Amino acid sequence: SGSCTVKTCWMRLPTFRTVGDFLKDRFDGASRVIYGNKGSNRASRMELHHLEPENPAHKPPSPHDLVYFEKSPNFCTYSGKTGTAGTAGRFCNSTSPALDGCELLCCGRGYRTRTQRVTERCNCTF
């Protein structure tokens, strides 16, 4: 017959791009927090510890906000303690706004440009 008596529902994950954009948005809005202490009343033991923004001018984080306790190491400079090599001496792309771009990779230190002329043989036909 042409009737349908069973319906199946399922949940589907969003696209990888959608998830990535969502996480990047949360990451860009993340704030540093400290562990606060509301008081010593034993009745409010569940609320004894809570997260407070490090900067009092910021609003307290919601359960959906991305927060962090420790600052990230400075990846621009060498550090044997954290194992970061730094970015000094690296090659960068002066026209790129991405991670390989000089503005980001050189950490505001400035950079030297080098123009190089390369002559190569090719199988060109005119």
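Along the chain as shown, residues are numbered 1 onward.
The backbone N, Cα and C atoms fix where each Cβ goes, glycine too.
Noted in Swiss-Prot for the protein shown:
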{"type": "DISULFID", "residues": "CYS92-CYS107", "note": "disulfide bond"}
{"type": "CARBOHYD", "residues": "ASN93", "note": "N-linked glycosylation site"}
{"type": "CARBOHYD", "residues": "ASN123", "note": "N-linked glycosylation site"}
{"type": "LIPID", "residues": "SER1", "note": "O-palmitoleoyl serine"}
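A coil conformation is recorded for ASN123 (N-linked glycosylation site) in the three-state DSSP classification, outside any helix or strand. DSSP assigns CYS107 (disulfide bond) to coil in the three-state reduction, outside any helix or strand. Within its own chain, ASN93 (N-linked glycosylation site) has ASP100, GLY101, CYS102 as residues 6 or more apart in sequence whose C-beta sits under 8 angstroms from its own. Counting in whole angstrom, ASN123 (N-linked glycosylation site) lies 31 from CYS92 (disulfide bond) by their C-alpha atoms. For CYS92 (disulfide bond), the same-chain residues that are 6 or more apart in sequence and have a Cβ closer than 8 Å to its Cβ are ASP100, GLY101, CYS102, LEU105, CYS106, TYR111. When each of the recorded positions CYS107, ASN123 is scored by how many other Cβ atoms sit within 10 Å of its Cβ, ASN123 comes out lowest.
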